[in-house]
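I have placed the structure first, in the form of structure tokens, so that the comments after it can refer back to it.
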Amino acid sequence: MASNNTSQRSGFSSFFCRLKTYFCNHFLCLFVLSFFPLSFRRLCLLCHLCEKSNLWLSSDNSASVVKQEREVLPTNVKPLHYDLTIEPIFDNFTFKGEETIDFQVNEKTNFITLNSLEIEVQEAKIDGKSVTDISFDAGKQTVTFKFDDDLSTGSIAKLYIKFTGELNDKMAGFYRASYQEDGKTKYMATTQMEPTDCRRAFPSYDEPAAKSKFTISLIADKELVCLSNSSEKETVSLDGNKKKVTFQTTPLMSTYLVAFIVGDLRYISNDNYRVPIRVYSTPGTEHLGEYSANIAAQTLKFFDQQFGIDYPYDKLDMVAVPSFSAGAMENCGLVTFRTVDLLIDADNANVNTKQRVTEVVMHELAHQWFGDLVTMEFWDGLWLNEGFATWMSWYACNSLYPDWKVWESYVSDSLQHALTLDALRASHPIEVPVKRADEINQIFDAISYSKGSSLLRMISKWLGEDVFVKGVSNYLKKHKWGNTKTSDLWEALSEASGEDVVKVMDIWTKNIGFPIVKVEEIGNGEIKVTQNRFLATGDVKESEDKTLYPVFLGLKTSEGVDESSVLETRSKTIKLPTSDDFFKINGDQSGIYRTAYEPARWTKLGKAGVEGKLSVEDRVGLVADAGSLASSGFIKTSSLLDLVKSWSKESNYVVWNEILTRIGSIKAALMFEDEATKKALEIFTRDLISEKLKETGWEFSADDSFADQQLKSSLFASAANAEDPEAVAFAKEAFAKFIAGDKKAIHPNLRASIFNTNAKYGDEKTFDELYNIYRNPSSVEEKIAALRSFGRFTKPEILDKVTGLLLQTDIVKQQDIYIPMQGLRAHKLGVEKLWTWLSENWDQIYILLPPGLSMLGSVVTLGTSGFTKEEQKKKVEEFFAQKDNKGYDQSLAQSLDIITAKSKWTDRDAKSIYEWLEANEYTK
């Protein structure tokens, strides 16, 4: 699944990839980039049938029951096939259904337990005999059917269930998605089963290892479109203007990948692939699916070739769903998307949106093999799905669109997202033990998406991309239609490469965090490298520093990059192969760690960057490492400022993006400091970018490359945000023309920045104008940009209006609540207002976004992590100490870590930052 994290650090990303993972221009604080489980966050998980050693016999019925470490179903039966018929009833937002599940009986038993949530069972039969002993466990989300007679071992049992449920508005299970058409609210019925919401749609064995076949039928009004995972088998007319559409039986798949949709839909098709490709959307928007359909055709061909396995399903439908919590969902053969991540006017979209849509489509299609065809055994293997799909989307994009140079962006995007979150004490290993269903959504974060993909990139660099992809192909062929553990992938890569991948990667996947590698120059052409755990707060305890990672040092010298040297102990001495005093650790930034040099080496590397001795990835990594080391206290922030000041002539967009992000993180940390320091930092920012901004300007032409467009838009956004008079004046003038009817006055690449700037300086009239754009947009992209800008207003009475909209789901969709919150986080008044809103409306928020869904943790993080002071942190702790933290406890812990890190940073460096700005004459 693609995360709903919409940060546009580079436009090609991640939150993410349930984060991926969307639409933000810049998060001022780098720390928060990781915390929108992208959706950016994604969904996927529960638990699997345990090993025999983890079972015990219950004395009353002899059925194998899993120990309570993990909430999974008994293994006395195994589902083989579901024959499911379901009908949505839009008049009262309910649905009714019936199913017959074929089970293989593994042992003599007199009961079957299934997952069920908010489902009313009206009737049940086992092998045609009525079942009346039916009990529910709301806490475990199960229903148990107890029979008069035992089922015999080895037999096939048929359990018939007739049921009803709510066509809910929670964007989970079988739910209703609303949209406007001709001023009227209309609905479609759609599904989101991942991670554990198939149980909301029909009673099921809702665990990823319980793969079954499904024959699905939908009953609906004749004029509505019905879709499911497989192609249509037959349609039968029913009384009352109804029809029953039955679909072909699916191949083996997990319940979280089941999908069905009923609605008034139109489609555009692409015939450039061997199976039909269609993009569905609400009437009048279908033409906006052409770009994604073309991307899909190219991508499926590419993956067929790379994996050596043809796309495994009989069609590909991609559907834009108007109410959708994640970025996208990889249901077999029926992929669902947020509208903004599928539909695009390619001729009028900004470059970051185009890149985002491309990445999301590629990510979901990679899942059709990696996740759907071959599926994780249980949910602590989530990263297998998400990390690989993220890596594969970058790999495919680099192959199909080499001019985009996405691996350069990767270092500033996925890698930094991963390192940022994993530097928190409240992070988690790539492989996470999951006990309860309400814990699952919390691990749809940058660790699953970005650290997972970063680890795979590191392996691919070590083994070579061709060998890596060959190993993956072998893995898919060996395990197709089955389930796997992480070790299965490592073994396949070991066999393909001859390297001991299992030994190396077990350490990376099963331990929290990553190291900082300190480089000491000891003379005689030798350096000593030492690894310790890195924390954003800079206060690692001895007990937290036990893991020794296999660190691929990637020693770069004038002779190239030596990939053979690995640091597996605490320290190691290395003889440099050259005597010209040029070296850098982590060449091309392939490794997952930070590097700390002696002060003189930072200066020399800064000079090497200017002289062209460092690759784009090296330069990005150097800035990122300096920024992270400054915020955590390993170096002074003035050293970071010295480095970026020396690179004012930098020409690469990705490097500039990292520079501006790091300055943004300083600004966020200083948010509650004195105005003089903040004003001086703005003056420095304007001076830093002035020469390059004058060179590039912000006019766009048909001759501009992808990178040219990104650089112009990024520099303009930073100039306007730093109150550059010329940029601000242009933003105001362009907006006035736009409001007056000149729709060409705002270039798509500048739209978000211009909206934000006008909001920042705007009044009630400006708010009304942006609100009108939001309610009557010309594109989804324009709608999102207007919504995000709401948070940029600074007048208290307008901020009251903005926060007043957050819980009005008829105006701001539940899925979009975080978008104006991102804007509010950009300034001091907004951060304070956001906390006031969160604390005063908590009970209502908790009802709207219950902990079992993925968005509550994101809202908690957004509403709290903008703070920078210990007294503010204490206020947050005291508030949540009185609340039930279930379902968002990890997000809260991470947010508190973020506040601590910023508090320590400002206590340590605020004075020296001002002194540096003063010494460089930025305080006038």
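The backbone N, Cα and C atoms fix where each Cβ goes, glycine too.
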For the substrate site that Swiss-Prot lists with G327, A328, M329, E330, N331, give the additional residue from the candidates E194, E207, E439, E465.
E194
Further Zn(2+) ligand in Swiss-Prot, beside H363, H367, within candidate set E377, E386:
E386
Which candidate, of S13, S58, S571, S705, Swiss-Prot gives the annotation N-acetylserine:
S58
Let me make sure I understand the span of the substrate site: among E194, G327, A328, M329, E330, N331, what is the greatest distance between any two Cα atoms, in Å?
13
Integer Cα-Cα distance in angstrom, E194 (substrate binding site) to E364 (active site, proton acceptor):
13
Cβ atoms within 10 Å, counted per site: which of N92, N229, N331 has the most, among these recorded positions?
N331
List the Cα distance (Å, whole number) between E386 (Zn(2+) binding site) and Y449 (site 'Transition state stabilizer').
5
Can you tell me which of the recorded positions N229, M329, E330, N331, Y449 is spatially closest to H367 (Zn(2+) binding site)? Compare CA atoms only.
E330
Which one, from the binding-site residues H363, H367, has the smallest tally of other C-beta atoms lying within 10 Å of its C-beta?
H367
Please report the three-state DSSP label of G327 (substrate binding site).
coil
Spatial neighbours of E364 (active site, proton acceptor) among the recorded positions N92, N229, Y449, defined as Cα within 10 A: which are they?
none
